[in-house]
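> Below are the C-alpha cells for one structure; questions will follow.
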Amino acid sequence: MINLRKTHPLMKIINHSFIDLPAPSNISAWWNFGSLLGICLVIQILTGLFLAMHYTSDTMTAFSSVAHICRDVNYGWLIRNLHANGASMFFMCLFLHVGRGIYYGSYLYKETWNIGVILLLTVMATAFVGYVLPWGQMSFWGATVITNLLSAIPYIGTTLAEWIWGGFSVDKATLTRFFAFHFILPFIITALVIVHLLFLHETGSNNPSGINPDSDKIPFHPYYTIKDALGLMFLLLVLLSLALFSPDSLGDPDNFSPANPLNTPPHIKPEWYFLFAYAILRSIPNKLGGVLALLASILILLVIPFLHTANQRSMMFRPISQTLFWILTANLITLTWIGGQPVEQPFIIIGQLASILYFTLILILMPPAGMFENYMLEPKW
C-alpha cells in the first residue's frame, strides 16, 4: 500500500514541511527557536481563548474580570499565568531567533527575513494591545504614553491619536478595540508564519557554516523532531517554573491597582521585552525624533541584508564581526536595563550613548568589518 502521507493532498504538504523535509545535517540548537516560537504561538492562542471566555472588555469590569479569572475560574490562575509568562518566553525565543539569523547570515534569504521582520512587528503590536487589557495602572498609562506618540506625526498626528483612542483620551472605546485587535492579530500572525515557512522551504535552511548544504542533507524526522522535542522540554520547564513559582516577577506591581486616570505612576515603563526600544525612544529629547528612532530601532533589521559585505555568509569564521555582534548583544542588554530606570543622571547619558552605539555598530562598523575580513583572507603572496 502506498504511504498515505506521500499521496494525500493535505498530508503531502505536512509531509514535505515536517517529515521528509531535507534539512542540513549540521544545524545546531540555535535552529530550535523556530519550532519553539510555533509552540509558543499555539500556547498563547489556546490560553488566550480560554481567558477571552471570562474576560470583559469594559473599563468598569475589565480589572475585576481578571481578578475573577484568577479567583473563581477553574485553573484560571494557571491559564492567566501561562498566558502572561508565555508572552515573555515568546519574546525571549524571538530575540534569540533574530540574533541567530544575524550571526549566521540567515538574513540573506531576503523574503524569509522580511516576512520575519513583519512578524516581529505584528507580535510586538499584539503584546502591546494585550498588555492594556487587564486595565491596571501601568496598562492604562502605558497605553496613554505609547498611543500619544502618534500625535508627534506632523499635521495628522492629533487626529490619528484620537481616531485610535475612539475619543479624546484612552477610555472604554480604546479598551474594546484593543481587545478586538488582540483577538484577531494572533490569527494574522499564524497566516504570516505559514508564509514565512513557505519562503524558507523555497530555499531550505541555512546552517552554522554558511556553506550551501545541498550535498549533505538528512530527513527532518526523526532527527530534528527529537531535537526540537528536547528544546520543547526546556521551554516548558522554564515556562512552568515561571508560571508556578514566580508568576509576577516579570510584571509591574502597579498593575495590581486598577487604572486611575487622575493618578500618574512615578515611572511609566512597558514590559521588559520593549525596554530596549523604550530606552532608545527616551534617549532623544525631541518627541518626533524619539518616535523615528523607535521605529528605526526595529526597521533597521530590514536593511541588514544590504549591509552584508563579507564573502562568507556566517560569522563562524569572522572574529572581527563576531566581536561586534557580541558588543551589540551587550549593548541591547544595557538598553533593556536603562529602559527600566528613572529618567535621571547617569541613566540619561548611558541611554544616549547606548542608543548611538546601537545604530553605529549596525550601520557604520559592521560593513567595513566584513570588507576588512575579506582583505585579510586574500593571499598576500
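Placement of Cβ uses the backbone N, Cα and C atoms for every residue, glycine included.
Per Swiss-Prot, transmembrane segment is recorded for 33-53, 77-98, 113-133, 178-198, 226-246, 288-308, 320-340, 347-367. Annotated heme b b562 binding site per Swiss-Prot: His83, His182, in sequence order. Residues annotated as heme b b566 binding site in Swiss-Prot: His97, His196. Taken from Swiss-Prot, the feature ubiquinone binding site applies to His201.
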> Does the transmembrane segment (113-133) reach the transmembrane segment (226-246), going by 3 or more CB pairs under 8 Å (6 or more apart in sequence)?
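No; fewer than 3 Cβ pairs under 8 Å.
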> Taking only the binding-site residues His83, His182, His201, which one has a CA atom nearest to the CA atom of His97 (heme b b566 binding site)?
His201
> Within the same chain, where does the transmembrane segment (288-308) have neighbours whose Cβ lies under 8 angstroms from its own Cβ atoms, ignoring anything closer than 6 residues to its ends? I mean 6 or more beyond.
98, 102, 105, 107-108, 110, 113-114, 117, 120-121, 124, 149, 152-154, 276-278, 280-282, 355, 358-359, 362-363, 366-367, 370
> Rounded to a whole angstrom, what is the C-alpha distance between His83 (heme b b562 binding site) and His201 (ubiquinone binding site)?
30
> Counting only residues 6 or more past its boundaries, what in the same chain has a CB within less than 8 Å of a CB in the transmembrane segment (33-53)?
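Distant Cβ neighbours of the transmembrane segment (33-53) are 69, 79-80, 82-83, 86-87, 89-90, 93-94, 96-97, 100, 182-183, 186-187, 189-190, 193, 228, 231-232, 235, 239.
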> Other than its close neighbours in sequence, what residues sit by the transmembrane segment (226-246), given a CB gap under 8 Å and a spacing of at least six beyond its ends?
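Distant Cβ neighbours of the transmembrane segment (226-246) are 29, 32-33, 35-36, 39-40, 43, 78, 81-82, 85-86, 88-89, 93.
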> Hey, which of the binding-site residues His83, His97, His196, His201 is the loneliest by Cβ count within 10 Å?
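Across His83, His97, His196, His201, these binding-site residues, the one with fewest Cβ atoms within 10 Å is His201.
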> 10 Å Cβ neighbour count around His182 (heme b b562 binding site)?
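The answer is 22.
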> About how far apart, in whole Å, are the alpha carbons (Cα) of the residue listed as 'ubiquinone binding site' and His182 (heme b b562 binding site)?
29
> Would you kindly give the Cα-Cα distance separating His182 (heme b b562 binding site) and His196 (heme b b566 binding site), rounded to the nearest Å?
21
> Look up His83 (heme b b562 binding site) in the DSSP assignment and reduce it to helix, strand or coil.
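In the DSSP reduction, His83 (heme b b562 binding site) maps to helix.
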